[in-house]
Amino acid sequence: MGNTCVGPSSAADRHGFFHSVSLAVLWRPGGRAEPSQPPGYPPRESSHSSVTSSTAPERVTIADSDLSSSTPNKGGNKPKVRRVQSAGLLADSVLKRDSERLKDLYTLGKKLGQGQFGTTYQCVEKATGKVLACKSIAKRKLVSEEDVEDVRREIQIMHHLAGHPSVVSIVGAYEDAVAVHLVMELCAGGELFDRIVQRGHYSEKAAAQLARVIIGVVEACHSLGVMHRDLKPENFLFVNHKEDSPLKTIDFGLSIFFKPGENYSDVVGSPYYVAPEVLMKHYGREVDVWSAGVIIYILLSGVPPFWDESEQGIFEKVLKGDLDFSSDPWPAISDSAKDLVRKMLNRDPRKRLTAHEALCHPWVCVDGVAPDKPLDSAVLTRLKQFSAMNKLKKMALRVIAENLSEDEIAGLREMFKMLDTDNSGQITLEELKTGLRRVGANLKDSEITTLMEAADIDNSGSIDYGEFIAATMHLNKVEREDNLFAAFSYFDKDSSGYITQDELQKACEEFGIGDAHLEDIIKDIDQDNDGRIDYNEFVTMMQKGNNPLGKKGQGQLSFGLREALKLG
């Protein structure tokens with residue numbers, strides 16, 4: 001193989017078009033995820049759609065109440081973190097060192113994105129005028145010692161991997177009274193699947209170039225003792241919009257340092273990309289190769305290898321589902337590509353390719369055997385649909401919640417007041433944890449965080465009254481005809497009997513939702529292909545996948561806020 005099986009360099013990656021694809025997560029009562037059927041794809045047992053944004057979406061933590069620490073046999077006590085209860089801030093330093101003031105060195109600009117723990121801004125270095133990104137993590141949201149350790153570890157890992165051409169460069173970490181600020185390289189070039197779709201042509205050779213970047217990052221992490229644990233397309237961004245823009249990995253929030261031979265049990269990651277041994281709570285670094293294999297499968301076909309209409313269904317497919325190499329476009333894809341994917345998605349981690357072996361595979365290596373002929377145009381269509389989330393259902397649930405009578409929601413209103421201990425009109429993560437414990441819910445912090453993320457429609461970091469009602473109202477209210485019609489009428493501004501793209505755009509603006517790829521939302525729901533959503537199509541969308549999963553138990557890993565609060 002000579003010198004062909006080496007990690008990707010900026011020169012080798014010039015024609016890769018990396019961007020991030022958002023995991024398809026549809027809002028459902030109780031915070032469960034529901035993918036929808038991608039049009040134009042042969043019928044399967046399940047379906048999928050997703051959200052695309054200018055920033056990487058929140059990662060999903062697949063929680064389990066019986067999990068042990070992510071690092072086994074840690075030994076010793078964690079440092080005590082003193083809290084100022086009145087202010088909700090960490091009194092001790094997160095960084096454990098004196099820090100220069102961020103505002104003395106940088107000027108903060110526009111907000112680029114917001115997640116559960118932090119907000120990312122564009123910032124400018126005063127001394128040089130260089131444009132960078134600043135991720136500000138609110139210290140009031142670091143409510144446990146584990147949260148603080150996670151932030152410290154993320155910073156350590158980013159410094160540890162510094163210098164790799166496909167890892168975002170960290171410039172510095174700063175701390176003040178209210179937040180920890182991570183200043184890093186700005187990746188403004190957009191997301192993987194969007195870039196592919198924009199170009200309008202796509203070949204196996206191009207997919208192999210992208211695969212080389214992904215696998216190269218995995219190899220670099222493993223060689224430096226880092227397990228990523230959350231590899232997915234949305235964790236890769238282009239630096240700029242140029243044709244030869246480098247592709248960078250941007251998120252190490254779930255990454256850990258590992259020791260060869262040790263096994264880990266925290267069930268973390270994102271449903272479509274999680275390895276089977278993670279679900280079995282006994283795994284090592286091989287999980288990253290599995291996740292990379294899933295991404296490559298999607299790059300070649302436009303759909304994930306394992307999907308279903310519920311997270312539980314996805315997990316069952318991951319554990320025992322068959323790989324589909326018979327449906328289009330797989331018959332036209334080279335045997336070498338299928339060989340790589342099959343070996344990366346071997347359920348036995350001992351037989352799975354290592355990252356280095358995958359990087360040396362003939363289909364991946366520089367000047368390898370990947371053909372340059374275009375892939376089926378349907379792949380581009382599916383990639384586009386895979387990267388657009390149906391946010392309409394989330395908004396519709398909120399509309400229904402806000403139109404319920406006082407009698408219907410009286411009990412939920414009192415529950416909201418009970419949780420909102422400071423009467424701010426917002427339930428914070430800490431308030432949710434306290435409230436759930438008061439009602440006897442035996443949930444781990446990671447599980448409660450998952451509930452929070454699902455209920456927080458606008459990603460503000462807290463749950464307002466409308467979001468709370470939407471997350472906890474009973475399913476029979478969602479499916480009641482008068483409520484469905486009222487919700488439809490809210491979007492149908494001109495009472496034409498149809499929801500148009502312009503009307504959907506206005507609704508997104510009212511809800512504070514950014515670019516939602518409206519054409520793809522409509523296409524996903526529009527069964528008669530007239531470019532509009534009629535009432536029957538709207539009702540079908542609202543009723544699809546509403547079978548409750550129930551609280552997590554022996555065979556279930558998903559649960560909803562309604563169940564957690566014991567509301568039946």
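Any Cβ shown, glycine's included, is placed from N, Cα and C.
Marked as region 'Disordered' by Swiss-Prot: 29-81. What Swiss-Prot lists as domain 'Protein kinase' is 106-364. Per Swiss-Prot, the feature ATP binding site maps to LEU112, GLY113, GLN114, GLY115, GLN116, PHE117, GLY118, THR119, THR120, LYS135. Annotation source Swiss-Prot lists active site, proton acceptor at ASP230. The region 'Autoinhibitory domain' feature in Swiss-Prot is assigned to 370-400. If you look up Swiss-Prot, you'll see ASP420, ASP422, SER424, GLN426, GLU431 marked as Ca(2+) 1 binding site. For 443-478, the entry in Swiss-Prot reads domain 'EF-hand 2'. Among the features that Swiss-Prot reports, Ca(2+) 2 binding site is placed at ASP456, ASP458, SER460, SER462, GLU467, with the record citing sequence analysis. Taken from Swiss-Prot, the feature domain 'EF-hand 3' covers 479-512, and the record attributes it to sequence analysis. Residues annotated as Ca(2+) 3 binding site in Swiss-Prot: ASP492, ASP494, SER496, TYR498, GLU503. Residues annotated as domain 'EF-hand 4' in Swiss-Prot: 513-548. Annotation comment: Swiss-Prot describes ASP526, ASP528, ASP530, ARG532, GLU537 as Ca(2+) 4 binding site, evidence class sequence analysis.
Distribution of Swiss-Prot features across the structure.
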residue : record                       : DSSP class
GLY118  : ATP binding site             : strand
ASP230  : active site, proton acceptor : coil
ASP420  : Ca(2+) 1 binding site        : coil
ASP458  : Ca(2+) 2 binding site        : coil
ASP494  : Ca(2+) 3 binding site        : coil
GLU503  : Ca(2+) 3 binding site        : helix
ASP526  : Ca(2+) 4 binding site        : coil
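The recorded positions listed here (GLY118, ASP230, SER496, ASP528, ASP530) include no residue with a Cα within 10 A of the Cα of ASP422 (Ca(2+) 1 binding site). Considering other CB atoms within 10 Å as the measure, the emptiest surroundings among the binding-site residues GLN114, THR120, SER424, SER460, SER462 are those of SER424. Listed in sequence order, LYS135, SER136, ILE137, ALA138, LYS141, ALA179 are the same-chain residues at least 6 apart in sequence whose CB falls under 8 Å from the CB of GLY118 (ATP binding site). Shown in sequence order, LEU419, THR421, ASN423, GLY425, ILE427, THR428, SER462 are the same-chain residues outside ASP420, ASP422, SER424, GLN426, GLU431 whose Cβ sits within 8 Å of the Cβ centre of the Ca(2+) 1 site. If you take the Cα of SER462 (Ca(2+) 2 binding site) and the Cα of GLN426 (Ca(2+) 1 binding site), they are about 6 angstrom apart, rounded to a whole number.
Neighbour density at the Cβ, taken as the number of other Cβ atoms within 10 Å, is lowest among the binding-site residues ASP422, ASP456, ASP492, GLU537 for ASP422. Listed in sequence order, the residues TYR498, ILE522, ILE525, GLN527, ASN529, GLY531, ILE533, ASP534 complete the 8 Å Cβ shell around the Ca(2+) 4 site centroid, once ASP526, ASP528, ASP530, ARG532, GLU537 themselves are left out. Within the group of binding-site residues (GLU431, GLU467), the Cβ with the highest number of other Cβ atoms inside 10 Å belongs to GLU467. In this structure, the CA atom of SER460 (Ca(2+) 2 binding site) is 35 Å away from the CA atom of ASP530 (Ca(2+) 4 binding site).
In the shown protein chains, 19 other C-beta atoms lie within 10 A of the C-beta of GLU503 (Ca(2+) 3 binding site).
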